[in-house]
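Report on one structure; see the data block that follows.
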């Protein structure tokens with residue numbers, strides 16, 4: 001009982017902090033937690049989001065797994081997911097290790113700033129940047145290919161509208177900003193931490 005009282009006393013003592021954090025918690029609940037929980041719950045009902053929900057059990061899932069369009073989309077989803085996992089985990093770790101091992105501290109800091117600077121950009125800005133990169137007529141990629149002579153000056157490439165190019169385009173969208181937390185974690189290692197590790201190992 002005393003422990004519970006102490007906990008509530010600490011919470012009450014930090015009530016101003018919780019008050020300022022409450023909009024964040026409400027946003028997380030409304031936009032991150034409630035939608036998937038509601039989706040799972042309503043997947044067991046026949047509901048058009050307006051009328052009365054009628055419980056149907058697993059009928060929606062049975063119908064889904066009989067849908068040939070859904071079944072055909074599963075391999076495509078894996079074609080996108082697996083490369084994105086590789087690009088999002090392996091490549092940033094390699095890049096982080098390379099930057100971490102730069103001997104000149106000033107140069108290392110400069111590389112870190114250049115790599116992590118896009119973090120401050122909102123997601124909408126990132127989407128607009130990639131929209132410009134993939135623009136079929138005057139986008140950055142098309143302009144680079146024209147400038148290097150790899151394609152004709154009047155060539156138009158629809159990166160997101162071509163059946164052959166849409167999957168690679170989606171896979172590389174966002175690179176190299178995926179999994180930035182690993183880079184930050186790796187760069188968070190200081191000489192003091194490494195020395196402590198050496199002492200633990202008896203070095």
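Yeah, the Cβs are placed from backbone N, Cα and C, and that goes for glycine too.
TrEMBL does not curate its annotations; it predicts them automatically.
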TrEMBL annotation (transmembrane segment) - matching range among 140-158, 159-177: 159-177
Positions whose Cβ lies under 8 angstroms from the transmembrane segment (17-37), at least six residues beyond its ends: 11
